[in-house]
Amino acid sequence: MAQALPIQFQEHLQLAAIGIPQNAIGFNSCTLESDHYICIRETNDSGAQVVIIDLQNGNNTARRNISADSAIMNPAANIIALRAQGRTLQVFNLDLKQKLKSYVMDEDVVFWKWISDKSLGLITETSIYHWDIIDSTQAAPVKITERHVSLVGSQIINYRVDSDGKWTVLIGISQQQGRVVGNMQLYSVDRKQSQAIEGHAATFARLRLEGATMDTKLFAFSTRTGTGAKLHIVEVDAQANAPKYTKKAVDVFFPPEATNDFPVALQISDKYGILYLVTKYGFIHLYDLDSGVCIYMNRISSETIFTSTTHVASSGIMAINRKGQVLSVSVDEKTIIPYIRDNLSNISLAVSLASRAGLSGADDLYVQQFSQLIASGQYGEAARVAATSPRGILRTPQTIEQFKHLPAIAGQPSPILQYFGTLLDKGSLNRHESLELARPVLLQNKKPLLEKWLKENKLECSEELGDIVRAHDITLALSVYLRANVPAKVVACFAETGQFEKILPYCTKVGYSPDFAVLLQNIVRINTEKGAEFAAQLANHEGGALVDINKVVDIFLSQNMIQQATAFLLDALKANVPEQGHLQTRLLEINLVSAPQVADAILGNDMFSYYDKKRIAALCEKAGLLQRALEHYDDIADIKRCIVHTNVLNPDWLVQYFGAKLSVEQSLDCLREMLRVNIRQNLQVVIQIAIKYSDLLGPQRIVSLFEEFKSFEGLYYYLQSTVNLTQDPDVVLKYIQSACQVGQFTEVERICRDNSVYNPEKVKNFLKEAKLADQLPLIIVCDRFNFIHDLVLYLYQNQQFKFIETYVQMVNPSRTPAVVGGLVDVDCDESIIKGLLQSVLGQVPIEELVAEVEKRNRLKLILPFLEATMQTGSQDPALFNALAKIYIDSNNNPEKFLRENNLYNSLVVGKYCEKRDPYLAFIAYEKGQNDLELVYITNENSMFKHQARYLVARADEDLWSAVLDESNIHRRQLIDQVVATAVPESSSPEDVSVAVKAFMAADLPIELIELLEKIILEPSPFNDNENLQNLLILTAIKADKAKVMDYIERLDNYDATDIAQIAIENGLYEEAFNIFKKQKSHTEAIGVLVDHLMSLDRAEAYAEKVDLPEVWSYLGQAQLKGLRINDAIESYIRANDASNYQEVIDIASHAGRDEELVKFLVLARKTIREPVVDSQLLLSYARIGKLPEFEELLSGPNVADVESVGDKLFEEGNYDAAKVLYRSVSNWAKLASTLVYLGDYQAAVDSARKAGSVKVWKQVNAACIAKKEFRLAQICGLNLIVHAEELQDLVRTYENNGYFDELIGLLEQGLGLERAHMGMFTELAILYSKYHPERMMEHLKLFWSRINIPKAIRACEDAHLWPELVFLYCHYDEWDNAALSIMEHAADAFEHSAFKDIVVKVANLEIYYRAVNFYLAEQPQLLTDLLTALSPRIDVARVVKMFQKSDNLPLIKPFLAAVQQQNNGVVNNAYHDLLIEEEDYKSLRDSVDQFDNFDPLELAKRLEAHDLIFFRQIAGRIYRNNKKWHESIELCKTDKLYKDAIETAAVSGKVEVAEELLRYFVETGNKECYGAMLYTCYDLVREDVVSELNWRYGLEDFTMPYHINKRREQQSKFKALEAFVEEQKKKAHEGQQQDGGMLGGPILGGNSRLLLTQGGIMGGL
């Protein structure tokens, strides 16, 4: 089974699959600011769009029509930043559809990036800015620093800021000396300093080092220079007391073929402490941040990766490549630790990473290490291992118990304290640890220490921990309970500590519901005020009351807490809902009984709506709160009982009460009851109520109410308030009547004058009946409502003349006419009337007065008054109208008055005269220019002569239009008078002109002709008037065409040109011809004959008659249009006019009249030097076969467009003539085409060569191919194939015709051309693959560098040319495909040495393993050679497992031996298996000694049972190497390998091991080994033990050398000590102390041993 990879790879999205075009997938248009959004700018036919892909919402895609240079999405929110014109910046919140900020920079922004969720980093050509989009005070970006000079000319690709904003790094790249160079600017915000660094990618990271209490800030960057690639990790902002991070500089591996690859991104995984490094070519590297070790490297994309970001969900990296793949790579938590342990053989890294990230895979290592440390007494280290164990596998109660029972070491804290101290340093304790630590701390009264740990979150809080703490400190216990979420005990603690206000918020927060009623009762007993507050909190809870409110009230009342109960209920019932009605009633009952004023205030605030209103009303009445009682009573009897006591009720409130509470009937009943009970006390209130609700109750009903109690005063004051507003006439009448009753006559006068509602008839009758002393109200009413006649009659009958004079003179003089009329009607004496008129002279409206007396036939009555008025200088038209009427009726010279007076109204007077004297009416109408009336009176009385004269003199077009309208039955009589009398009498041209226009406008042509003949043809001042003559002729043209010719002959002073044109337009062609002829306009005349009369014969005769060139030219043009070509040419010749040559040429040439055309062209060449003339002449000569003249013209001077003529002849098939023309102008291209049609191919090729045109070569080539002239076709083809765009067509032509060999020959010939290009070599390769595959390889080997390899690859695939395909893949650097092709087509393409060279260059590492499987199946004998070549690049462990699975491990034994130097565990185990199987104990022994990466105990157990002693000996060595002394010695004892046993005891360095083996030798009687033990383990065995064994077993001979040597050592030591003491004494005596003298050499000499201890004895064993 293949080794599992330490990473997880996932493809999230294909941008192309959702419609993103390929050109939009790039660094400048596609941005990935976070793993939340992808933002893409794309441009299509419909315009620019921004595409936003929400990766965390099912890849939801939104397209917005936005035109911008750049768009980037916020890392977290749906906020987009846009940049336009390089400088304009805008930020929008797309969810809120709101612009957050906008700004225009002073310089272009070349790069920008979100550096946090709320800030943008902006890079210009010179500076770096930060812009906070949330801070409203920061309108403009803030400049951070200047750009470093090292970045000048670089493309900015990234900008990073560390998490606290104190460090930034700007990254740019540039092309230098054929490679991409990276430059970075590292900037410290605090120090305001920049540093230039060479690098391509960088990031900031944080790491918690061993023993540190805070994170260490790191800066990592990677670069690739010309000499190699490095990853650097350094510490920034080092803390004084923190552990120091050792700077790392790690080599970054790049494959040999990736020469142009470089790092493009660095991303950090804070969770794992791993750096992800991504390169441009798609390679990913994983590095441990702490040690800098490369964990893994592989290629994840074959396309260029241009952007990346952190993938938060997996703590990995997300990237986009040029293909549009959205990829992510993260650590595989299940496999990374086994991978590091087994493949990298880096146990320390596996343990460190597992501990840091809490990963599985290293658990057994931790357990083993922990046990070893405990066994060796290293309790502090053991505590550290347990504290850092992944997922806390060692932090168990068993571990705590184990530490408890460990013995203490002198001078050190107890093991359990060491354990807890280590845990606290590393982090926080778990549940069991917290409990175990808290007990002794509290017992030792170290509560502050416990508080400190709680604040630092070092302890895991639980209910048990709280219970322990509660016995010592309830406040601290409360903190524990809160953290442990033990609601019941938290609430109890709050209550005990008096923190009642915190109970409810806490219960709400955690969702805990205790028995609040019991809790409240206890609180009330303890603290009344706090109890009330707590009750209010319970009742006002957001989710509803948490306690029964009745119970709460009962609790308060049981303590006689009325005020608190009231306050609680007021607060609890503030929602005012129906469900609380009974509680509202209870609240009011309590206070109405105990504190009525409180109840009154509650009711006054209108707080409640659902209580028992009837019950509360009765209580209110009983308590004397009548107002509140009325508010709640609904029964009218109850209301009437209370409402009569107005003395204790607020009047304003009572008025409002009627409107708000009572119906109309109830209101009237209550008002009646109030008047009945005490009218004096209640009248004012009743009046106020009646006034307030007059409209609602009805004025009539209120009036009836007051009348019922005979209260006129009340009625008056009520109506006084409503009379000005009411619309009821009866109400106003009642008011007038009541005012009269109470003597308010001034108010009566005011109402009569100002009110507009009352019924005037009723009021008039009432006032007449009332017979008031002052008749002014009656006068006002009659004057307002035009009861003048009744007023005059009433006053006249009652002999009140004074009031008549008063009315006329003082009240309204304008009513005098009506008064006079009334007096006339009652037959009043004329003297009284005249005197009355004289008293108001100048104030009377004359027109009304005249009308009044005129309709009574008493007009002369006022003549003195009129004359007196005229004497005052009045100019009133009515005055003079009246005088005119009187003069007319009295026949007092009226005509003179009418003609001389200008002040009368002519219309009025004229109407008055119509029946009396029509002529006087005509005079009046003429005077006032009353046109319609004048026309009417003259028509009615047949006064047409007067009417005609008036019309001519009036000269009004509208009036003329009216009288000349066809609906006028008198029109004919009027026209006769106009023609006969009015116009001849007139001498005004203007008046005559208006009359003529009127006839024209009325469309009376016959009558107009009559009029004009009268004016023009008869003697008059207008005989020679040009306009009138024109008008006469034009009118005749329209109305009487027969007279036109006569008028033309008789008249001379008219506009001939215009008249002729109009005659033509009206079809009078002969008349027009005569006009032109009379005017000698011959061209126009012949134009009429030609264009209108259509008589070319008459035109030709007329031309002969006048014989003018212009006439002949006009005739020729007409004949040409009539296709009389010969006649037209003759006419042009007689006119000697060739100006119309173009039209003649077009028509004659089209008609095929080339012979006639030649004559015209010969004429034209005499005066015209135009190319079209000479060209047509050549064309005509060629067409009629006059080649001599053709060649003569061609050879002579001419301006013909020879090439154009040749083209026409070529199109017509006249190739001989065309050939002459093309040769004359050296147009070899067209000449070649012509020769092709003439069949002269050799000449055509020669001409094509001279032409040098691709089009000609193609034409000649096609013709030669069609005629199978392959030699000539090849000549043409050689000139075509050098043009790459023509090659495909040429190949297609040959292939379609089946001329494959000829085509191949053509291309082979073309390879030697100077202009041979890649397409020729490629097409020839394709042809070889199709038709001559045996020549393909030779061609490829010679010309592979000049071939389009992708096209050739496709051809080879189609033709199944596998060796050639492999060759092309190799030369195209497609090593992956080359290797795959060889393996897939091994029969044809395999060659070992070539394959070995290829496979080491592939990029996809999986191909290595596929190649191994291929060799295993196809070439097993070459397998070792292949593996040797691949060994630097393959995963050796994976290869071993592959062969183990297929049971072919022996095949790769040489390989295993070669790679064992890597000390890989899998390799070692596999190699050991092979050696054991082959019983090669020597190689196995060497392997075990040299390499240690295997499971030694497992191997030892296997070898321990082996049949061969040599393998069991190796097992012993393994046990010895792994400090398994007992197992090793026992195994040696079994096989009698005493030498190995003695060596093991010596190596162990343990006294007990050596002495045990020594006793074994003594007990078994092996005296030689006993002696050897004394020698070998000299320093381990104790002298007393040796003496005992010597004495007991009688081993004096073997023991004596040991004793001798021991005594010798003792003597040497004594001597050395004596010498040392003497020397010290000497120094002290001399007073000298030499520093270091006492420590300068060894205390005991190093060479004092006897020969027994120097070796040699064991050599014989």
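Each Cβ is built from the backbone N, Cα and C atoms, and glycine gets one as well.
A TrEMBL annotation is a machine prediction, not a hand-curated record.
According to TrEMBL, the features are:
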- 333-356: domain 'Clathrin heavy chain linker core motif' (DOMAIN)
- 540-687: repeat 'CHCR' (REPEAT)
- 690-832: repeat 'CHCR' (REPEAT)
- 837-976: repeat 'CHCR' (REPEAT)
- 983-1128: repeat 'CHCR' (REPEAT)
- 1132-1273: repeat 'CHCR' (REPEAT)
- 1278-1424: repeat 'CHCR' (REPEAT)
- 1427-1570: repeat 'CHCR' (REPEAT)
Review point. Helix, strand, coil residue numbers for the repeat 'CHCR' (1427-1570) per DSSP?
Key: 113 helix, 0 strand, 31 coil
**Study point:** Distal contacts, the domain 'Clathrin heavy chain linker core motif' (333-356) - CB-CB under 8 A, six or more residues away
**Key:** 3-7, 272-274, 288, 290-291, 293, 295-296, 362-363, 365-366, 369, 388-390, 1435, 1437, 1463-1466, 1493
Exercise for review: Go ahead and report the DSSP secondary structure tallies for the repeat 'CHCR' (690-832): helix first, then strand, then coil.
Suggested key: 108 helix, 0 strand, 35 coil
Review point. Would you list the DSSP helix, strand and coil counts for the residues of the repeat 'CHCR' (1132-1273)?
Key: 111 helix, 0 strand, 31 coil
Review point. Mind checking how the domain 'Clathrin heavy chain linker core motif' (333-356) divides into helix, strand and coil residues in DSSP?
Key: 17 helix, 0 strand, 7 coil
Review point. When the pLDDT values for the repeat 'CHCR' (983-1128) are averaged, what is the result?
Key: 71
